[in-house]
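Notes follow the structure.
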Amino acid sequence: MSQMGSPRDRYAVIGNPVGHSKSPFIHARFAEQTGEPIEYTHLLAPIEAFVSHVQAFIEAGGRGLNVTVPFKLEAHAFATRLSPRAAAAGAVNTLRFEAGEIHGDNTDGFGLVRDIEVNLATPLKGVRILLLGAGGAARGVVLPMLERAPHTLTIVNRTAAKAQELVSQFGEAAQAAGCRLTGGGATAIEPGAYDVIVNATAGSLDAALPECDDRAFGGGTLAYDMMYGAQPTVFMQHAQTLGARAADGLGMLVEQAAESFYIWRGVRPDGAPVLAELRRMLAAPSAA
Ligand code: ATR
């Protein structure tokens, strides 16, 4: 596992497709900011060849990987050690290679919580949260949200049974956090506007609005879509018409990357300036 004389430690984001990933840009900014000597590239792996590509990367001296679609479950299975939050998420987005071990972690939920609490200045302690969706993206953020000790977390999903499964899985963690955890189909939404509504459904990808009672949105609600794009998503637009404040997932992307960088380097970069730069690039791509 020598670095073959390379002055820079090697990292990459592995996925399929992966060419569109903003992670190399983000980590290059973090490296400049902190002075850490890293190189960070894209790594395209064929769908059937995740493990062999990771092994080749390790043999070439690679120190860590971010893992994106569709390999997060395989990365979870491939890791020899899992952080508690990766085990809870059932998925891994960050691998660190050290002393023959493959450490798997998941920084997505941390990134979401940090974006909401720090960048969007919305504390989660004691508030009522509605989580829409119960797939991989939703599962990955439940534990980090519970750890902020919200008053209530309601998980609502088109397929009610999947939301109920998450409620069972995280029942103990909720109890430890003093949080009331409930969930099911659309009828599980409780009366009164929520403080925070997180859209973790894949709906925004095809411009579909997840079913959600309009009364869940109010003037004091932060409506957060884990997706992002040059334009506000349909979920964000809908929330805004109901008087809520809306945010997309670009900040989550930056903050999950910052936490990965911290895992690898022991240095915490500042996400805010990189988020501002990405936001400008997204608004005016030709100016980038
Ligand atoms: P991901 O890893 O992005 O979470 P996933 O595990 O396939 O992907 O989960 C997709 C989530 O989006 C699920 O909660 C799904 O609801 P179902 O469990 O009922 O399938 C939700 N979803 C996808 N399209 C949706 C739509 N048009 N309306 C509402 N929910 C939708």
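A Cβ is built for glycine as well, from the same backbone N, Cα and C atoms used for every other residue.
Keep in mind that this is a model prediction, so the values were computed, not measured.
Per TrEMBL, active site, proton acceptor is recorded for K72. DSSP gives K72 (active site, proton acceptor) a helix state. Long-range Cβ proximity for K72 (active site, proton acceptor), meaning a same-chain Cβ under 8 A and a gap of 6 or more residues, is found for A91, V92, N93, G136.
For D108 (shikimate binding site), the same-chain residues 6+ apart in sequence whose C-beta sits under 8 angstroms from its C-beta are A89, N93, A137, G140, V141, M252, Q256. Under the heading shikimate binding site, TrEMBL lists S21, K22, S23, T68, N93, D108, Y228, Q256.
According to TrEMBL, the NADP(+) binding site annotation covers G133, A134, G135, G136, A137, N157, R158, T159, A160, A161, K162, M226, G249. Close to G135 (NADP(+) binding site) in the fold, though at least 6 residues off in sequence, lie N157, K162, A200, T201, A202, each with a CB less than 8 Å from its CB.
For the domain 'Shikimate dehydrogenase substrate binding N-terminal' (13-95), the DSSP-based tally of helix, strand and coil residues reads 35 helix, 20 strand, 28 coil. Taken from TrEMBL, the feature domain 'Shikimate dehydrogenase substrate binding N-terminal' covers 13-95.
Taking the domain 'Quinate/shikimate 5-dehydrogenase/glutamyl-tRNA reductase' (123-183) as a whole, pLDDT averages 98 in the prediction. For 123-183, the entry in TrEMBL reads domain 'Quinate/shikimate 5-dehydrogenase/glutamyl-tRNA reductase'.
Annotation source TrEMBL lists domain 'SDH C-terminal' at 249-278.
Per-site Cβ counts within 10 Å over the binding-site residues S21, N93 peak at N93.
R158 (NADP(+) binding site) is surrounded by 16 other CB atoms, counting those within 10 A of its CB over all protein chains shown.
In this structure, of the binding-site residues S23, T68, Q256, the smallest number of CB atoms within 10 A of the CB marks T68.
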